[in-house]
Amino acid sequence: MQKNLTRWLLTCCIMVVAMIIVGGITRLTDSGLSIVEWRPVTGILPPFSYDTWQAEFAKYKAFPEYNAVNYGMTLSEFKFIYLLEFVHRLLGRATGLIYILPLIYFYFKGIIKNRDILSYIIVLLLFCVQGFMGWYMVKSGLVNHPSVSHFRLAFHLIIAVIIYHLLFYKLVKNCCDILLIPSQINLKLPLIFSVAAIAMIYVQIFLGALVAGLDAGLIYNSFPLMGGNFIPIEIKDNFISFKNWYDPVFVQFMHRLGAYSLSIIVIALIISLLKVKNPKLNKVAFYLSIALLIQLSTGVITLLYHVPIIAASMHQFFAIVLLSVVIWCYSLIKNS
């Protein structure tokens, strides 16, 4: 039965990652405001007939995005953005069901013990918060300025990442072997660096969402400098101000700084793992190197080529991959 628990956790992790990636594509294609109602139960089926499609299109036309951004859009074009948002919402519903139904079964079968149930309930509550946060985010764009709040977008993403983190950590603990390392070997430094790396990845994901929300990837499409300067001229004289977090230039600059900081932390983690001279930790160090390299490369490509959807989606995906490898590393060390 433990194998069934492992398969369930793996399925939930895959579903959450799919939801994150589809959500990212929804943002990149400006599809998020195409469904202007929140119907958690009755909205599980898309329009099928011509009349129902026209009715949904009419609802969309009543909100500012149509007139300000997509005036003259055809029904076929509307169907594309509508179905992307619909798939994103459907994935959210499906993931919730795939989580809660087996959870009830595993608990009453005694596979999930009473001592562990609280953490699973926390994940369930986060799913509920995530659904509300998604609508709260969409609602922010159904106004005169048809653009969702970049802060709400960032929190919507972070909640999804937290859900994934909790599920993946349980998965790793459930199926990975314990590290057999002599007691005289000190793993304190790798543990500290792994915690720091996890924290910095969260910061970077949050900043990345702010970049996406402000379309900040469409400016200063050069690397490593921004307009010939390390610190762009727009923020040199006014660096410490909360208003900067509404400025695409500042947010992009902070995301770049975050990338440099994360790289230093992950490289330090890799070096500390290699010094232990343990085959399993050496394997983790190798995977960390690959994940970091791909993550940095996709980030630079996304910037240089003005945010192509495939590159941006890969960049988001490998942020989750990098987080996963660091969580695996942390779990191995913590539970050794």
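We number each residue from 1, going along the chain as drawn.
Just so you know, glycine gets a Cβ as well, placed from its N, Cα and C.
Positions annotated as transmembrane segment by Swiss-Prot: 5-25, 92-112, 117-137, 153-173, 191-211, 257-277, 284-304, 307-327. According to Swiss-Prot, the heme binding site annotation covers HIS255, HIS315, on the basis of sequence analysis.
When secondary structure is read from DSSP and collapsed to three states, HIS315 (heme binding site) falls in the helix class. Beyond the ends of the transmembrane segment (117-137), by six or more residues, the same chain brings 32, 38, 40, 89, 92, 95-96, 99-100, 103, 107, 148-149, 152-153, 155-156, 159-160, 162-163, 166-167, 170 to within a C-beta distance below 8 angstroms of the stretch. In this view, HIS255 (heme binding site) is surrounded by 22 other Cβ atoms within 10 Å of its Cβ, with every protein chain counted. Counting Cβ pairs under 8 Å to the transmembrane segment (257-277), the stretch among 153-173, 191-211, 284-304, 307-327 with the most such contacts is 191-211. Within the same chain, residues at least six positions away from HIS315 (heme binding site) with a Cβ under 8 Å of its Cβ are GLY208, GLN295, THR298, GLY299, ILE301, THR302.
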